[in-house]
Structures are given as structure tokens and as C-alpha cells.
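Asks: Once you've had a glance at the structure underneath, I'll fire off some questions.
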């Protein structure tokens, strides 16, 4: 096992306040309690009924509390800011805040109104809430709580309006207007620049033709992504689902993953979870057993002993072996693959299964957000990239029922189709080497050949992304190799799909493969040969990056939007040049970031070569 001497990066995560119930979103089979959470709801008449899924989801999001750690200033009504009471936030939701107030700071009375001033730090609440707030609130509860330093006074306040409405009137509304206006301008400028490319065909046909095709391809992704719509929830459609979690050395996250998969707003008798430990070398298996025991003890009424299972493989066989083992054990007709460091939203499964009402549908992908988005610049770059990759790119493919990659963090398949292709999937080789990664793209190709695939934006999960540059670069290289391999496979049958889908697929393969050559020509050859600054080319790159950033700003209302521009620069400077390396090494089967059998074999070969070289040097002297 390779041990890193480098300091571990401390992940910055948004931490929801723990619910006293382990499975708080699971429908009660005995109908003793409803699914409505009364926290944060001021008016009893606002309470939604259990059969109103949209109202329930809205109320759930309003009532979610998040652990907080920032200062708050309370100004009594009718007084000035200099008379404020200084407090400390304990937790916060969209509808209210819990504060810790020291006796020396002042005393609050129930029913009193205050003007609150505070700054929500990034990572405290979901993306888009990181901002300063000035809002009126009323004291609704006072109590004391014991702590290490003695008793502490706690003050619960309810905002005069939810923070979602507050930000909509303030920053969010302006963000949508600004982003949409600037996107229109950016598209117009890009189109004018491409018209100029047509005029220059006589000077370099292939270069300017590439520029025109690349621009039209990328703009088409945004166009069809805008046309995309989710399949709405049909309350009467709840097919049986088995969630399979393959686990290898994920002791840090597996507990949360299992709980998120069990805590689904889905009928108890229609959902089971199977955790497959791929002979982990850390304490993952122990963590899985502890989590299962906890769920069994605390939620027995939800038939957890029948619905949650664990299996440990006798030897490390790889992710595909673990997934197939889970599929073979599954009792339901739909199987959902969830990565062991991914966390499902409570309504994820309910939304994910809806496209299967179409009998021709073979697989569906959910949306993956970045969980550790505020850790550092590397994770912030990925946050914007992930959202655009799903909400724009996959959504555009879904418009034609042909999503080319049902991503590993959250995807659903018909069980019989997975079993039909399981042997070929397990034994897949490319240029004589085992295909050990890119399992999601590979299975998607098996399904897409004869069936439809879709994307469901409302089926949401979040995942832990690399926060170290070295790990991120290895991941990107692995993804590029699997993309090349599976794109070559898909090229043999994608022409049978809808004409627009086929055209865009082949263009989408050619554009990134040719990109390094085009960039070298524009940024190196043209300035050296013609002494011309490549301003037009750089402006085109800037506008494409701006489109990504503005799309993120418009949909997410987040201040991370600027990282879309940064990502485009980082891509051109660093990631783009992985593509030529992938051309000549895409037959490799090592992961680079985990101890697969192929990685162990490759490391042993490197060590053997080192020892052999040392012996040669010793013989010379």
C-alpha cells in the first residue's frame, strides 16, 4: 500500500443539522406520522398535504437547518446599530436562525422584533446563499443549554420572510437578469466572429471550418439544454428499485452514503440497498457493519433488516465485479448504481425512475453536484464544470434520448439489461488490456446500442471530488482515456440514432481530439510565422468560458460563477494537453488513484525496473 507523507486536505462541507430520526424522509408504512416537517413553518394553513409532492419538497428545503459558526448583530426595533446585541450563530435555515447570546451582551424577550445583520460564510448553506444579510426577525423561543463553560442562552428567531425570497428580491433576481443579458450578447458576438471565419475560408479552409463547427457545436449544447425538461413525478409510478453501493477503501464516507440511500422518500416495500465491499484494505467493512447495525436498531419499523444487506467479496475484483454481484442479488427490476462517496437527496430515487415509464428506456442518469465545493480552488473549478456537464451537456443529449454517459455517482438501469451484458462488461478488453475504468461509459454503450438513455435533473446527488491537483490530474487522464475508448465503440452504432444526435456526437468526438493541434497553430505558429497576435482566437476562448460562467450564474445564482472562466483557462493551459497523451496511452488500465490489481502490478514492474537499473549502475562502478 502506498502511504502519502503529504498533509491531508481538510474538506469544507455544508453540514445539515442531524435529525433525531435516522430515516426521517421514509414514508411511514404504519401511517403513524406524516412526512411534513413543521420546523420553519409559521402559518398552520401553509402546511402542505402528504399527497402534494412539490409542496412537500419546497417545505423540506425551507426547514433544513445547517450548522453555523459566524457572528450576528441584533438591533432592537426602533434603535440604532450602535445599540446592537452581539450573538453567535449555532444553526440556520431559510426561515430562521438559532443564536447563542451571552448574558453580558444583552437580554432578548420572546415576541420582540430585531433587525439582524450577518454574513453567511461560503459552505455554511447551499450554493447561492453565501452573502451578507440584513433582515427583520422575531424571537419565537428562548431556552438555556448546558455546555463546557456553563449554561448558555439560546435564542431562536424567525425571519420576516424566507431567505430564498429575500435573495430573490436582492441578488438572485439581478443575477438572472444580468446573466441572461450577457449570455445573449456573448452568443451574438460569437456568431459574428464565426461569420468572419466564413470570409477567411480562402486563407485556411480547415482551420476556419473547425472554428465554425466547434462554435456551432458548443452553442447547440446550450440551445438543446435550454429545451430540456424533466419527466414529472407520477405519484402512481413507484417501481421496485435496488440500490447497489460498491465500496473499496471509503471508510470516511460510506456511513453517510448508506444513510442517504436508505433515507429516501420512496415506498418501503419498493426499495432495497445492497452494499458490496470489494475486499477493502482499510476499515470500510467495519464501518459498513456499524452503519447497518445502527439502522437495524433505530429504524426496525421500516423493515430495514429485509431491505439493507451487505456482502464482502473474497478478493478484490474491481468495481464492475462488485456491481454485478449486487445486481445478481437484487430482487427488484430496476438497479441504481451509487458511488461510495456520493450522497443522495431524499427525493432522488423518486425522480430518477420516472423516465422508465417509457418501455424503451434502458438507463437514466441523475445530476451530480460537488459536495466539497468550497474546499479550495481545485474543487471550485470542478463545481462549475460538473454543473455545466450535467445541466447543459447531458440535458442536451437527453433531448434526443441518447445520453452517452450515465455517470457513476447516480445512475439507474433495467436489471435484465445489465445481466444480459454483464459477462461482456466484466471481460471487456481494449487492445488486449482489461478495461478496468470507465465502467459507467462502458455500460452506457451496451444499453444505448438498442435502448434509450436519459437524464433527470431533479434526481440529485452530491459527491466528493479531488481536492489535490495531482489526484485531479490523474482522474482527468483516466477519464480522457475511457472517453476515447468508449467514443470509438459508440461510433459504430450511434449513426442509428436521431440524425441531429448522430451529427453532434461525431462532431463532439472530433472537436476535442483536434483541439491541441488548433491551439498550437493559433497560439504558436501564427504569431511566429505571421507576427500576428491571436486576439480573435483568444477572444473566442474567453467568450466560450463566459458562456459557461453565465449559465452557472443564471441557474445557481452562485458567486462561484467566475470559476467557469478560470476553468477554461486551466483547461487550455493544462488539461487540453492530456489529450495527446491519452491518444498514445488510452490502452492503459491503471487507475493511478487507487490500489487496483492493475495498479499493483504496474507498481511492482516499476520497482523491478528501478532495482535492475541500480544493479547495472553498481556493476559499472
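Any Cβ shown, glycine's included, is placed from N, Cα and C.
Because TrEMBL annotations are produced automatically, they should be read as predictions rather than curated entries.
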Asks: Among 460-479, 480-499, 560-579, find the range that TrEMBL records as transmembrane segment.
Replies: 560-579
Asks: Calculate the per-residue pLDDT averaged over the domain 'PilZ' (79-165) and state the result as an integer.
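Replies: So the average pLDDT across the domain 'PilZ' (79-165) works out to 89.
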Asks: Give the one range among 205-224, 503-524, 530-553, 560-579 whose Cβ atoms make the most pairs under 8 Å with those of the transmembrane segment (174-193).
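Replies: Between the stretches 205-224, 503-524, 530-553, 560-579, 530-553 has the largest tally.
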Asks: What does the DSSP secondary structure composition of the domain 'PilZ' (79-165) look like, as residue counts for helix, strand and coil?
Replies: 6 helix, 47 strand, 34 coil
Asks: In terms of Cβ proximity under 8 Å, which residues at least six beyond the ends of the transmembrane segment (560-579) contact it?
Replies: 127, 179, 373, 377, 380-381, 383-385, 388, 473, 476-477, 480, 512-513, 515-516, 519, 541-542, 544-546, 548-553
Asks: In the same chain, who gets a Cβ under 8 Å from the transmembrane segment (205-224) while lying at least 6 residues past its ends?
Replies: 187, 190-191, 193-194, 197-198, 392-393, 395-396, 399-400, 504, 507-508, 510-511, 514-515, 518, 521-522, 540, 544, 547, 551
